[in-house]
Amino acid sequence: MGKKVTVVGAGFYGSTTAQRLAEYDVFETVVLTDIIEGKPEGLALDLNQSRPIEGFETKVVGATTGPNGEGYEAIEGSDVVVITAGLPRKPGMSRMDLLGVNAKIVRQVAENVAKYAPNAVVVVVSNPLDEMTALAQIATAFPKNRVLGQAGVLDTARFTNFVAETLGVPVKSVKTLTLGSHGDTMVPVPSQCTVDGKPLSELLPAEKIEELVTRTRNGGAEVVALLKTGSAYYAPSAAAARMAKAIAEDSGEVWPVCAWVDGEYGISGVYLGVLAELGATGVRKVVETPLTDAELASLKEAAEAVRAKQADVADL
Ligand SMILES: NC(=O)c1ccc[n+]([C@@H]2O[C@H](COP(=O)([O-])OP(=O)(O)OC[C@H]3O[C@@H](n4cnc5c(N)ncnc54)[C@H](O)[C@@H]3O)[C@@H](O)[C@H]2O)c1
């Protein structure tokens, strides 16, 4: 049977994710939902009309949903559900400023996902990411491997892009890594960064690497400040769509994602940005990568910061 993926929230992030997923042409159906009546149906109609031009057969279905599960029949049988519902940041806001309002939205969405797509793998993107991922797991009561969050694929892509631009090399020759949280305690891992296999530290002075690390950490805010309304969505949607594809195809690809950590790196019981092998079961396993002592200390610090915030989400 063909694969089915649902994107909840038809805003900038959700609609571009649906477009990318449809254009991959590997799913039978992409469902796009929103609470704004007619918006997901209109976008689906528009996307379907691009099929002859872009040459894909995937069918996009739009569905308006209500707070009591109205319209959620459309997501039945989904293999993957990407949750993008929720407010984005405004200039000057931190991701944590969205906690209260987005928690209500994500909880309500997650409860309906559990009811209508009980076998799906859930990829959360709503912010604050680490907290919303933990909340979605609690609200769905799905096994922890079946709920994960998107942050590291995006943060890593930003870091890679900055390094490639700085050195004037193709992005494909650059490999970077960020772990930790999607926020202030993001942990870029320069020791794992290479350009054509050469350590980044041999190509750029430490201060320049630090400057790119800082720009990566503030990568989302830099876009928000320029846009003035709304937040980034081209790179974020690419990240979530690739994860959904890896899961649907049971590919075993290893990506940095927000996953439940249970003993790896000496850290337990928290959703945290780590490398993970993705497949049909969601996170097949967390993959430990060699870290310097300083990087490991930063990762542990990030884990404790996120743990403190995630402890409260059950009550939201
Ligand atoms: N994880 C990341 O890396 C990352 C990156 C960028 C943005 N984000 C986050 O993604 C979220 C979406 O961003 P955006 O730019 O698409 O915002 P947006 O305002 O364009 O779209 C959000 C959509 O969610 C819908 N929505 C609200 N409540 C809903 C519900 N209960 N059910 C279904 N849909 C609902 C809204 O009607 C709106 O269309 C934000 O929280 C943003 O902070 C995360």
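Glycine too: its Cβ is placed from the backbone N, Cα and C atoms.
As annotated by TrEMBL, domain 'Lactate/malate dehydrogenase N-terminal' applies to 4-149.
Annotated NAD(+) binding site per TrEMBL: G9, A10, G11, F12, Y13, G14, D34, N102, V125, S126, N127, in sequence order. Annotation for Y13 (NAD(+) binding site): same-chain Cβ neighbours under 8 Å, separated by at least 6 residues, are T84, P88, V125, Y233, P236, S237, A240.
Annotation comment: TrEMBL describes R89, R95, N127, R158 as substrate binding site. The Cβ neighbour count for N127 (NAD(+) binding site), using a 10 Å radius over every protein chain in view, is 28. The DSSP secondary structure for N127 (NAD(+) binding site) is coil.
Note on the domain 'Lactate/malate dehydrogenase C-terminal' (154-311): mean pLDDT across this stretch is 96. According to TrEMBL, the domain 'Lactate/malate dehydrogenase C-terminal' annotation covers 154-311.
The feature active site, proton acceptor is assigned by TrEMBL to H182. In the three-state DSSP classification, H182 (active site, proton acceptor) falls within coil. When Cβ atoms from all protein chains are considered, those within 10 Å of H182 (active site, proton acceptor) total 27, not counting its own.
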Cα distance (Å, whole number) from N127 (NAD(+) binding site) to H182 (active site, proton acceptor): 9
Binding-site residues compared (G9, G11) - highest count of Cβ atoms within 10 Å: G9
Additional residues surrounding substrate, by Cβ distance to the R89, R95, N127, R158 centre under 8 Å: P88, P128, L129, H182, G183, G220, A221, V224, S231, A232
Fewest-neighbour residue among binding-site residues, criterion Cβ within 10 Å, set R89, R95, R158: R89
